[in-house]
Amino acid sequence: MSEAIKTDVLIVGAGPCGLFAVFELGLLDVKVHLVDILDKIGGQCAELYPEKPIYDIPGIPMITGHGLTESLLEQIKPFNPTFHLNEMIETVEKIGDPGFRVTTDAGKVFECKVLVVAAGGGSFQPKRPPVPGIEAYEGGSVHYAVRKMEEFRDKDLMIVGGGDSALDWVLNLHPLAKRITLVHRRDDFRAAPHSVEQMRALVASGQMDLLIGQVTALDGEGKELSAATVKGNDGTTTKVACNAMLPFFGLTMKLGPVANWGLHLENNLVPVDTGTFETNVPGIFAIGDINTYPGKLKLILSGFHEGALMAQKAVKYVYPDKRVVFQYTTSSSSLQKKLGVN
């Protein structure tokens, strides 16, 4: 076992709620490390909608998931948090009062006084479409999320699906791609009506293609696609040139090892005290989409509020003998000094 990394607080999840919690804890002189199963910072914002607009962040009329992540990282820079990406927490062992020993699937060990679970609903995994051999092209021509729109410039792009994600990316990537072919198993879409109307207008004007059926075969070399075969509902097959594919078959969410940490669960969510966002285990808190309480709204702004209240209780575990006085960043010279603004 490797030597333990000691920290005041360990946050599981580096999405917006986890990042803002770093800010609130940093104002209270609390040292933080974060662990995330993803290979990037930002949680759902980075994985699912990095370039899609978000309209309900207070004071910001519109911002992308990527933009929000970057702004939060800039905000917490004075507190110098440490990130551990591509790692999943496997075990949590109580070693003190307070105190936990936490291990990851990479063999890393942490010792912390407080554990904050900000892992969304668990880890998101895209549903793989039932196409023989598609896994061979994952990480190459087959993408389950759009992280950089420029990756699809001048591509023969096939988008598979009939929901909002599929239609949104048809419309957003149409100006960049060489040609887009949308494939759906039926001529009936579960997307916003105005998106469907715009897509049909592009098809009618010959600017993109729509095939009703299912992808049954892929051609290519290594991880690079060259064509995909679509079988129509009438049994006819069409081979389409395709060097990039975006399948949108939904996502599965796995709670993972959180279920084994001794936390009470309700429908795979963690009940919390709404005054502190502490779980049934003293010293373990849950903020963001992973928690539940009466009136819970799964909004980013709700997670920010939860992180602020969590920090006020967590600091008492870190500094049990310290009198903590609540201060405002607008008027406290000591807080402004921590933020580097005076």
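Glycine is no exception: its Cβ is also placed from the backbone N, Cα and C atoms.
Among the features that Swiss-Prot reports, FAD binding site is placed at CYS17, ASP36, GLN44, TYR49, ILE89, PHE124, ASP289, THR330. Under a cutoff of 8 A between CB atoms, and with a sequence separation of 6+ in the same chain, the neighbours of CYS17 (FAD binding site) are GLY43, ALA118, ILE287, GLY288, ASP289, ILE300, GLY303, PHE304, GLU306, GLY307.
According to its DSSP assignment, ASP289 (FAD binding site) is helical.
Its own atom aside, the Cβ of ASP36 (FAD binding site) has 27 Cβ atoms within 10 angstroms in the protein chains shown.
The Cβ of ASP289 (FAD binding site) has 24 neighbouring Cβ atoms from other residues within 10 Å, across all protein chains displayed. The Cβ of THR330 has fewer other Cβ atoms within 10 Å than any other of the binding-site residues GLN44, THR330. Sequence-distant contacts (6 or more apart, same chain, Cβ under 8 Å) of ILE89 (FAD binding site) comprise VAL12, VAL35, VAL102, THR103, THR104, PRO257, VAL258.
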